[in-house]
Amino acid sequence: MSPHVLAILLFGLGLGTTITFASSHWLLAWMGLEINTLAILPLMAQHHHPRAVEATTKYFLVQATAAATLLFASTANAWYTGQWAINDMTETIPSTMIIAALALKLGLAPLHSWLPQVLQGLDLTTGLILSTWQKIAPLILLIQIQPDPAILVVLGLLSTLVGGWGGLNQTQLRKILAYSSIAHLGWMVLILQFAPSLTLLTLLIYFIMTSTTFLMFKHNKALTINSLALSWSKAPIITTLSPLILLSLGGLPPLTGFMPKWLILEELTKQDLPALATITALSALLSLYFYLRLSYAMALTVSPNNLTGIAPWRFHSSGPALPLALMTIGTLCLLPLTPAILAILAITSP
């Protein structure tokens, strides 16, 4: 793809997201979401592979359905209330429809089934954009409309459970990362009504950890669990750090991923929801299992000697190493900054 075309598409992604979270009118928010969708479609189909074209088509149909539902619900809300303001959602039916549309855009359970299929057909770079940047605009809208807590609790709990169960029997790394995304989004939605600033903190840390994981797999040119066994011959240092990166994604102390889960469980307990906090903590064990599978495949297995092809040996990576190094530091070392982050949240929260 031409660098000029790529720059225009990336500018469209940024513009669509900015329009959506900076607007207070439903038509402007819908316009931003549409710009966002149209900007990423050429990036998804750029390789002209049948799987990429299929994933692009699925993504377009899902996003078009969600956008049409959101536009219809916002029009119905304007019909009832006479207001197009995003934070003026007083009618039950339009509000529920908008929550369903945003859940479909985010890939929350039970509207999640498109996300693993779409992510499987993409390359790792476009999959990283889909798993991170494309989540910002719908999540900001979900924060602004302040929906019923019961609906968010149901969506969040289902997403954490489905994200854990769905990734258990997967062998494709992109599908595993898709179910990991569903589980993390469940944690964010679960706490959204009680502490929106904590949701944004979880989103930021999720971006750092997911970017590290995608870049690590791209550095190793790995797409399946079996191909991870060759990681040591390609990148010994990254392979040594990979268990820590994956365990941070699973939320184990003393790594960065423990911070948002700890704070979310603490907030749920403060809200007098100990049963919900217990179920959510137990659901994290499901995700931890397939992270441990990946760690075992990368760091504790040796590639077999009867390979059909020639095993790569210390090939030089074509991509820049600095983003991966910075993201790895963020994934592993941010937990000691928790008191400072809590102080900032206390200052900025109303």
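Each Cβ is built from the backbone N, Cα and C atoms, and glycine gets one as well.
TrEMBL lists 23-286 with the feature domain 'NADH:quinone oxidoreductase/Mrp antiporter transmembrane'. Look at TrEMBL and you will find 57-80, 92-115, 151-169, 229-253, 273-292, 324-347 tagged as transmembrane segment. The domain 'NADH dehydrogenase subunit 2 C-terminal' annotation in TrEMBL covers 288-342.
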Quiz item: Which residues, given as numbers and ranges, are at least 6 beyond the ends of the transmembrane segment (151-169) yet have a Cβ under 8 Å from it?
Solution: 96, 99, 103, 108-110, 112, 116, 175-176, 179-193, 276, 279-280, 283-287, 289-290
Practice problem: Give residue numbers and ranges for long-range contacts of the transmembrane segment (57-80): same chain, 6 or more residues beyond its ends, CB-CB under 8 A. | Solution: 26-27, 30, 33-34, 37, 40-41, 44, 88-91, 93-95, 97-98, 100-102, 104-105, 114, 117-118, 121, 130
Practice problem: Residue list, the transmembrane segment (273-292) vs rest of chain: Cβ under 8 Å, 6 or more residues beyond ends. | Solution: 153, 156-157, 160-161, 163-165, 167-168, 170, 176, 179-180, 183, 186-187, 190, 246-247, 249-252, 261, 264-265
Quiz item: Is the transmembrane segment (92-115) packed against any residues at least 6 beyond its ends, judged by a Cβ distance under 8 Å, and which are they?
Solution: 33, 58-59, 62-63, 65-67, 69-70, 72-74, 76-77, 80, 135, 138-139, 141-142, 145, 147-148, 151-152, 155-156, 158-159, 161-163, 166, 178, 181-182, 185-186, 189
Quiz item: Do you know the mean pLDDT across the domain 'NADH dehydrogenase subunit 2 C-terminal' (288-342)?
Solution: 75
